[in-house]
């Protein structure tokens with residue numbers, strides 16, 4: 001049975017005058033105006049979606065193109081996620097957790113054991129020692145007051161190091177749910193691939209490597225400084241700018257209207273009012289004379 005108010009109950013076709021029946025971009029049987037937001041952004045690398053004006057459904061979800069800056073320049077977007085050491089520590093230990101000082105990553109991960117490593121080798125499955133430049137791509141080292149990591153079958157691997165006479169606690173994690181033949185791909189205690197480890201550098205294969213953002217730079221050059229690039233490699237324009245290249249203001253029509261209003265319409269109205277006021281036999285002139293007479 002067809003119960004949609006936009007449809008004919010007999011044959012479930014749209015009623016006369018109806019443009020749509022359902023969808024995020026349909027309201028009261030009419031298509032929402034182009035540019036109406038239909039999906040909010042979710043996370044630092046997601047992008048909001050807007051109605052197109054010719055379709056009742058919200059466009060497919062898109063996110064910022066890989067390599068886009070996020071977290072105030074502290075990270076890069078990868079597959080729609082803003083990967084930071086900070087967020088990984090929170091995911092592992094809970095609210096309030098934060099990355100340990102860099103010396104923790106360097107000192108602990110150079111050991112090449114369960115406490116600190118840069119993953120396992122492909123031959124014998126042995127732990128690999130991190131080189132200093134790769135240390136922030138190995139075991140994530142955090143500081144937290146939690147008793148243990150949040151994940152099941154995961155235990156803390158705490159190391160205390162001395163820095164200028166002060167003891168610093170470096171907290172890593174090891175998962176006992178991993179199978180020996182799984183390698184390190186599922187180890188929640190390792191820094192995630194794509195995490196920023198330096199300017200223009202990301203973690204890849206447990207090494208801190210130069211990141212190539214050539215495609216991103218090419219795309220951004222087409223957005224005229226008024227948009228970002230999305231996962232479809234298209235310009236996603238800021239509010240007030242029109243696609244596809246964000247080179248035309250979406251407010252042009254409003255600006256033209258206001259110019260006409262102030263430069264043409266209002267002067268004509270003012271002139272008409274003045275003419276009416278000066279005309280001796282006008283109703284306004286008679287009313288004004290009566291008002292003056294009463295005041296005397």
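Placed from the backbone N, Cα and C atoms, the Cβ positions cover glycine too.
Noted in TrEMBL for the protein shown:
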type: DOMAIN; residues: 1-66; note: domain 'Disintegrin'
type: DISULFID; residues: 38-58; note: disulfide bond
type: DOMAIN; residues: 215-247; note: domain 'EGF-like'
type: DISULFID; residues: 219-229; note: disulfide bond
type: DISULFID; residues: 237-246; note: disulfide bond
type: TRANSMEM; residues: 254-277; note: transmembrane segment
Distance [Cα-Cα, Å, rounded] between residue 237 (disulfide bond) and residue 229 (disulfide bond): 8
For residue 38 (disulfide bond), nearby residues of its own chain (Cβ under 8 Å, 6 or more apart in sequence): 24, 25, 32, 49, 50, 51, 58, 59
Structural state of residue 38 (disulfide bond), classified by DSSP into three states: strand
Among 58, 219, 229, 237, 246 [disulfide-bonded residues], residue with fewest other Cβ within 10 Å: 58
Distance [Cα-Cα, Å, rounded] between residue 246 (disulfide bond) and residue 229 (disulfide bond): 11
For the domain 'EGF-like' (215-247), residues assigned helix / strand / coil by DSSP: 6 helix, 9 strand, 18 coil
Three-class DSSP secondary structure - residue 58 (disulfide bond): coil
